[in-house]
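Single-structure report; data block below.
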Amino acid sequence: MTSPTPAILPERGLADRLTALFWRHPRLLLAVLLTPPLLWLGVVYLGSLFALLLQSFYSIDEFSGVVKEEFTLKTYAELFRAQNLDIIIRTLVMSAAVTIGCALIAFPIAYYAARFARGKWKAVFYLGVMLPLWSSYLVKVYAWKLILAKEGIITWAAEGVGLSMILNAILAIPGIGGNSLSTSPLGTFIVFVYVWLPYMILPMQAALERVPTSMLEASADLGASRAQTFRTVILPLAMPGVIAGSIFTFSLTMGDYIIPQIVGTSARFIGLAVYQLQGTAGNIPLAAAFAVVPIVIMLIYLTIAKRKGAFDAL
Amino acid sequence: MTAAVEFLNVSRHFGPASAPVKAVDGVDLTIAEGSFFAMLGPSGSGKTTCLRLISGFEKPTGGTIRIFGQDVGDIPPNRRNVNTVFQDYALFPHMNVRDNVGYGLMVKGVDRRTRDARAEEMLALVKLEGYGDRKPAQLSGGQRQRVALARALVNEPKVLLLDEPLGALDLKLREAMQDELKALQSRLGITFVFVTHDQGEALSMADSLAVFNEGRIAQIGTPAAVYAHPRTRFVADFVGSSNVLPPEVTRAFGGPMKWASLRPEMLRVTAADGVALAGTVTGIRYLGAGSRLSVALNGTEVAALLPAGQPVPEPGATVGLAFDPAALHVMEGEG
């Protein structure tokens, strides 16, 4: 042989030295990769969460308006005053309604994307779901205000096809309706559902994609109708995705303070209450206590979901 | 005997009508009740599509399928009393073994106590007593296979379809399961339709088998008949890797001017002198129970099976070949 290749190749500088270092100490690379995000999560995120929790156990002096830095449950007791409880219940009902609404609309779309869309149509699906996320949230909300307004396209179209009666009947329902769609709780609901829908579709689609076709065939093979297959196979297997999506829609609705200001009655939601309490009112402890409510509700929700076996298929 | 399954000129084409992919193309088939029927063929030959046509997961684009005399063109899978053991088993991961096995009864509305008892019976049938509380993920491949079998049998199907059920098992387990499946079939008397690409499996288990090639049936018959009398070159080669002899070689071997098949195990390797057929050893493959020699002879490569214990010639050596003239089978399927 003219040029024999060596059994061991020479080191080619820094990159090879680092490779060797990481090869000798496999955990080192993991540590290098994980330290910055863990610092961020630990210090900035958990730290501020802890500070928030701490604030919620302080109270405010009613005369001076100064925060008293001693532990008390007084602020939490304030949450149970009628007007505050009202805000919590209103937010909870809206979040639940938005979550259910999103789930009902998202499921057929996610199912189509996971089971039938191939090639070009898959790209169209992703584009269609993601496209609204590219534009500003505020622009979308204001656009909806115009769409839903009394002089807006929906009222106009309803008049045009003679469905004003139905629209007015819906708007006359107490608790849901109002002067126009843009000033009714129904309007708030519609905008919430629109804005958070992608966050429900994507995890659902990912979950449905993981259900093998052979499992649906096995179910049909053993005599199940489509409805039975849906109830006993598809839904339980897709449940982790549904839960993941509902965490998004539920918590995003609970924390939002912009949509209820722009569309709907001016009734307050938790997010708006927090915004106003820490801003104009300067009541940081009560704002913090309000902010803890969604966290507690989410924890309860996840505990129930786990008990019901929603994560068994994970 | 009644026909459990009948195919009358059945086709299943995919894609556009102008350039269809003919997965199944004009298949005629009759599977007798109570038989163990194997569909054998390479991947893409249409055997699995045929199975899915029986279960109803594929609809024929042409022809008629009858199950126990009834046209099933319009019957969805859940109403066909036919059950399948899937290739990947398709056990429901969120249910335990008992609920998996009892699933077919659950969807029929059988109460829990009855179906649990039935599930336990089925688990005993496949020798998995006491495994009811486990999840599929906690089972080995062989155990999952048994659960899939128990689940498919719980509805007492008229026909049981098995889609390469042993493909994922290792050799030892596969052989044990072959014997068990065979015993189970004769005990239950249910018609088994078994899809496989493993010719050894098909030959050893089936009462009769169909060899598929490119969407059509190349030959149908008992394993012994197919093995001894392959109709075409494809069958001769696919089932038992026979020597396929072109007409002129058949002639040289003392036969007529036709395509013929000569099984490697029918060839005896002898000393080179004084025999009509002599050739050069070009390759030796050690098989454990013997060796497979490749011998170049009259420009054709011929394989001969050399039993263990006989001296193995060196590559390049000249050897003679001898055989019983009755072993030379002329294939009428080739022109």
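In case you wondered, yes, glycine gets a Cβ from its N, Cα and C as well.
Feature annotations, courtesy of TrEMBL:
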- A:88-305: domain 'ABC transmembrane type-1' (DOMAIN)
- A:28-54: transmembrane segment (TRANSMEM)
- A:87-112: transmembrane segment (TRANSMEM)
- A:124-147: transmembrane segment (TRANSMEM)
- A:153-174: transmembrane segment (TRANSMEM)
- A:186-208: transmembrane segment (TRANSMEM)
- A:228-250: transmembrane segment (TRANSMEM)
- A:284-304: transmembrane segment (TRANSMEM)
Between the transmembrane segment (A:87-112) and the transmembrane segment (A:228-250), do 3 or more CB pairs sit under 8 angstroms, pairs being 6 or more residues apart? yes
Given the transmembrane segment (A:28-54), which of the listed stretches A:124-147, A:153-174, A:284-304 has the most Cβ pairs that are under 8 Å apart from it? A:284-304
Cβ pairs under 8 Å with the transmembrane segment (A:284-304): which stretch of A:87-112, A:124-147, A:153-174, A:186-208 has the most? A:87-112
For the transmembrane segment (A:124-147), could you work out the same-chain residues 6 or more beyond its ends whose Cβ comes under 8 Å from its Cβ atoms? 109, 112-113, 117, 153-154, 182, 187, 190-191, 194-195, 197-198, 201-202, 205, 258-259, 262-263
